[in-house]
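To start, the structure itself, in structure tokens.
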Amino acid sequence: MIFQNLLASTSALLVALVQLGSMDVMGSSKGIKVLPVDLSPSIVYVEKDGIKGFIYPEDWDDNDARVMCKQLGYKSGVALGPWDLVRLQPNVTFGAIQVWDRDNYRLVCAEGFDDLAAQAVCRSLGFTYGKSICCSAFGRMEYSIVYSNINCTGIESSILECDYVKYFANCTSEHYASVACSNSPENEEFELKIHQSGKVTTRHFDNSGFICANGFDDTEATVICKEMGYKGGSAYFHSRHTKYSTVPLLGVPWLANIACEGTEKYLGECGKINWGSVGTCDENRLPAVYCYNKTGFSFALVNGTGNDNGLVVFTVDDKEGAICLRDSVTEERQKLAAIVCKQLGYGNGGLLLNGTDAENEFTARKLFPGKSDMFITKIKCKGNESSLAECTFRILEGRYDFPEDWISITLDGCESSSCYRTRSYNRGYAFLNELSCWAGKRRLVVKCFL
């Protein structure tokens, strides 16, 4: 067996499961004391020359566990593990801090948790540096907050070597602490990327991540697009409720409430670049940008019988687009019509055509001929919004130029011919559904009221 000093860097521990109740004894052999346990199962701690430690997991088995338990005065025992005493979820380099305690993992309170504490966590996981990510940054966790008032000095190799309060956690915010780990020291450098879908991602401290929707608007979009060589940019939002927007795939929520003025040349010049200090990150929306070189988005009604009705169109640069109502139901279309009318300065609005879907398609294509260069689609609104900018949607350009995450149906995981046939058919149908927008179908036509 290897005696592991608690000051050494490791997070894997072994547990001996004792068969009898706890006994107030302390076994001793060759100057090494085996500390008593009070729970089954429990981590086996040892002490030598006043220094506490634990049994290193290498080659630990049931025979060793039996000897250890007999030394403590028990009848027998079995080996369990190794288990990670400290781990991160959802990723090995970033996530919520989870500490094994007695019979389950527990969380650490975010209040007072700083970069010194984050460094202690990351050292125990084999990294050199750590950064605190605040607060409850990775969604809901199934474990309870047990550790609070964390106070580290910067020399610790584990968070359990820091001062803390346990079980009587003083955590009024009820937010858990998280970290990002790296083997490189933090600096001001970061990478910024605009994906084909418009989604904005960033990489900092060797960890990929994203910008929270909180406080994100056209000023931030303009700065980001300027940094990429464009004249300006418009902000909009994707939904986070897709399989491509899960926490492990999105990465670290690096920034929120950046407070750009729009005149900055790059994002790093904005007023509040506080990496990892995001507060509460919007769990429903994900920022996206559309960059332009001439003019930004402008909405209007065209080809109607008056100024207050017609086909909803938008222009950006030299391109014209429409709103595609793919897969939407009548109630959702009515909500959307009202939101568009409010955005155009009207008090309310509704659908101009109120026949059956087939009748509306026929009438709309007759009254509003022509094709569009691009579409706003996959729109999700609550109904109380005053503009489309408050909803989530996607922008589609190019007839067959679908972004990487556009069609959710994939062939991944298929192991039989029937699975391939079914999914291939459904995927093909989904593509046809998308292409219906380009055929002039399913476009939004409204009537607005003062």
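Cβ atoms here come from the backbone N, Cα and C positions, even for glycine.
Among the features that TrEMBL reports, signal peptide is placed at 1-23.
Residues or ranges marked as domain 'SRCR' in TrEMBL: 86-182 (among others).
Annotation comment: TrEMBL describes Cys152-Cys162 (among others) as disulfide bond. Sequence-distant contacts of Cys162 (disulfide bond), defined by Cβ-Cβ distance under 8 angstroms and a gap of at least six in the same chain, are Ala117, Ala120, Ile150, Asn151, Cys152, Thr153, Glu156.
Under the heading domain 'SRCR', TrEMBL lists 197-292 (among others).
Among the features that TrEMBL reports, disulfide bond is placed at Cys260-Cys270 (among others).
Summarising the annotation, TrEMBL assigns domain 'SRCR' to 299-391 (among others).
Residues within less than 8 Å, Cβ to Cβ, of Cys381 (disulfide bond) and separated from it by at least 6 positions along the same chain comprise Glu332, Lys335, Leu336, Ile339, Leu388, Glu390, Cys391, Thr392. Residues or ranges marked as disulfide bond by TrEMBL: Cys381-Cys391 (among others).
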Tertiary neighbours of Cys260 (disulfide bond) (same chain, Cβ under 8 Å, six or more apart): Thr219, Glu220, Thr222, Val223, Leu267, Cys270, Gly271
